[in-house]
Structure formats: C-alpha cells, structure tokens
C-alpha cells in the first residue's frame with residue numbers, strides 16, 4: 001500500500017515501530033497518575049501516530065511476519081490502555097512478589113490496598129526502571145502481584161541452579177526447533193504452503209473446495225505450528241533473562257499449559273493456550289464490570305461481560321492486525337472466529353452445569369468426550385480464519401533446514 005500522506009511518518013518510525021511503542025508505554029507509565037490528563041495528552045497522539053505507521057509500511061516479505069508485527073503493535077495499544085488509561089499498575093500497586101509467592105494477586109483482580117499503592121515507585125527515573133522491569137516480565141507478569149491466571153507452575157525453587165536450568169532449556173529449544181522444522185517442512189509440502197524461493201514454482205492453494213475434515217485438520221496443523229514457534233521464542237527469552245540475571249529459573253514457566261486440560265473450550269483458552277493476551281484482554285472487562293457497572297463479583301452478568309470483552313479484544317488484535325496488513329477493512333473473518341468462541345463457551349458452561357445437576361461426575365469418559373468435542377469445535381471454528389490467512393501467504397516461509405526431508409524437493 002502506498003504511504004498515506006496525512007500520517008506523519010519516516011523510515012525510522014516504520015522500522016522501529018514496535019520498540020518505540022514499548023518505549024512510549026514505559027515513558028507514559030513513568031509519568032505519575034496525578035498528572036493523568038497531561039500524560040494522556042502527551043502520549044495518546046504519539047501512540048496513534050506509531051500504530052498508523054503500519055499503513056505506511058511497504059512490505060514485500062513474508063505475509064505472516066508482517067501480520068504478526070501489526071498484531072504486536074495492537075497488543076501494545078492494549079498494554080497502554082492497562083498501564084496508562086486504566087492506571088492499573090498504580091491502582092493495584094504492582095510489585096515483585098516471586099513466582100512461588102502466596103501473595104500474588106492474579107488476573108488484574110489485585111486488592112486495592114493503600115499499603116501497596118503507597119509502595120509504587122515515585123519519581124520519573126524510578127518509574128522508568130519499574131516500566132522496564134514490567135516489560136521484561138513479559139505480558140504474563142510471572143512473579144509479579146499482577147501475574148495472570150493459570151500460568152504453568154515451575155517445579156523449581158528460586159535458588160534452583162542457573163546452569164542446570166540453562167542446560168535443560170537449551171535442550172528444550174533444540175527439540176522444539178527440530179519439531180517446528182518438521183511441521184514447517186510438512187506444511188510447505190502440502191497444497192497450502194511453500195518455500196519463499198520456490199513460491200512461483202509451487203504456488204499456494206486455499207482451503208476452498210476441500211472437505212471440512214481436511215480444513216479442520218490443517219487448522220490444527222496451524223495451531224501446532226504456532227505452539228512450537230511461540231514456545232521456542234519463549235524458551236529463548238527465558239535463557240536471555242536468566243543468563244542476564246533479570247529473572248530466576250522459577251520465573252520462567254512454559255508458555256503453554258498441559259494438554260491434559262484440553263477437555264472443554266473454556267479450559268482450552270484459559271489453561272492450555274498461551275496467556276500472552278490474558279492481561280490485556282481481561283483488565284478492561286474487569287474495569288467495566290467492577291468500576292463502571294458495579295456488577296456483583298461472580299454474577300452471571302459480570303462473568304459473561306468479561307468473557308465477551310476478553311474475546312472482543314482478541315478479535316480486535318487479530319482482526320485489526322489483518323486490516324493494517326491489508327490496508328483495508330478485511331479482517332480475515334477474525335471477528336466472527338473469536339466472538340464465536342465466547343458464544344460457544346456460554347453454551348458449554350450451561351451444558352456442564354446441567355450435567356452436574358443431573359448428578360454426572362467427572363471421569364475419564366467425560367474428559368475423553370470433552371477432548372473430542374474441544375478438538376472438533378476448535379478445528380471447525382478456526383478453519384475459516386486459517387484458510388483465509390494462508391491464502392495471503394501465511395504458509396509461504398523461508399526455506400527451513402528440513403532435517404527429516406519432509407519438505408518439497410524443488
């Protein structure tokens with residue numbers, strides 16, 4: 001897309017869009033909430049300009065990488081909402097408590113204690129350091145009072161030997177690398193993928209015309225590829241943080257939960273799937289239910305309002321990520337895909353509740369049935385979105401090493 005002349009831009013703003021958004025959030029946090037009007041007046045216009053750099057980016061590389069950059073920019077917008085507009089770090093008194101601390105308050109529902117809010121850093125320089133620490137804590141805030149729910153527990157103490165952790169994590173990275181190489185090569189050999197250097201010889205075919213079972217299968221292949229790629233990046237990040245002393249081994253749990261919890265759609269999203277978006281997805285819903293509408297905690301209205309707000313934010317991140325990538329209002333069916341998850345979870349919750357009222361007990365049979373249900377419904381609801389993004393070139397990737405000789409031999 002040609003640059004939009006009404007947007008202030010430069011090659012540097014486009015190239016360093018993501019680091020500048022991180023920097024803006026840190027600087028805006030460093031300005032204390034007592035100057036709220038001033039810090040919003042200063043930072044919000046800059047935020048808008050930085051996000052709109054996506055429309056000025058001329059991109060001829062991998063579509064998927066461009067899409068992920070734009071999704072990352074939108075995640076940082078919602079981090080800005082949480083840090084600056086809602087002032088959650090100051091109101092809740094975010095502080096370091098340790099990953100195994102009983103004092104951690106999770107999922108943005110920290111008690112607003114005068115003791116904790118009084119302990120937040122004062123002064124610009126101290127608050128900049130606070131923002132840097134929160135940034136390196138990742139979006140799950142492991143070891144902080146604002147740590148999100150359902151982060152996998154690291155079964156090691158904070159004094160666990162760093163060298164042992166680093167050796168284990170490097171081995172984990174090697175295994176993840178080989179698995180991802182195999183899956184990426186398999187995708188490139190399918191009708192729906194290719195290598196960048198042979199994309200003109202082996203073109204990509206979309207999902208249209210293929211049976212539903214075929215589309216669902218490849219939707220799960222895409223999910224597996226995401227899992228392996230994100231877990232690999234998370235492992236690399238944890239190695240950097242532990243090596244540099246920024247984190248303890250106990251602060252670096254796996255990114256994804258145990259797949260034995262994959263027996264309901266709610267568990268799939270809240271326990272098994274990565275929690276990178278949980279804080280940004282949950283805090284606006286909690287604020288709306290608790291502080292604006294004053295709904296009773298745990299009530300039907302509060303519970304499902306937060307559910308729909310959370311999936312709305314996921315839909316915005318993915319859907320508007322597509323829009324910024326296309327330079328149009330094409331969301332690649334993201335809004336339908338993600339909002340449908342919330343609708344199905346409501347139905348699922350009531351079916352489970354009805355079963356419990358009938359006296360049905362948790363057992364391996366119901367969990368097996370739940371696993372089949374969850375795998376089926378995720379495949380059926382995600383295949384449309386996956387099919388559209390691969391048509392744009394999501395599965396046209398740089399040639400992998402292809403250690404197992406699975407990829408196209410061209």
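Just so it is clear, glycine is given a Cβ too, placed from its N, Cα and C backbone atoms.
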I'm validating the feature mapping. Which of 169-192, 193-216, 217-240, 241-264 is tagged transmembrane segment in TrEMBL?
217-240
If you look at how TrEMBL annotates this chain, which of 269-287, 364-382 comes out as transmembrane segment?
364-382
If TrEMBL is the reference, give me the range from 12-30, 88-106 marked as transmembrane segment.
12-30
Would the transmembrane segment (37-55) and the transmembrane segment (217-240) count as touching if the test is at least 3 Cβ pairs under 8 Å, pairs 6 or more apart?
no
For the transmembrane segment (67-86), which recorded stretch in the set 12-30, 217-240, 364-382 gives the largest number of Cβ pairs separated by under 8 Å?
12-30
With the transmembrane segment (217-240) as the reference, which stretch in 12-30, 304-327, 364-382 has the largest tally of C-beta pairs below 8 Å?
364-382
How do the residues of the domain 'Wax synthase' (252-340) split into helix, strand and coil according to DSSP?
60 helix, 0 strand, 29 coil
Long-range Cβ neighbours of the transmembrane segment (12-30) (under 8 Å; 6 or more residues past either end):
39, 42-43, 46-47, 49-51, 53-54, 56-57, 69, 72-73, 76-77, 79-80, 83-84, 89, 124-125, 127-128, 130-132, 134-135
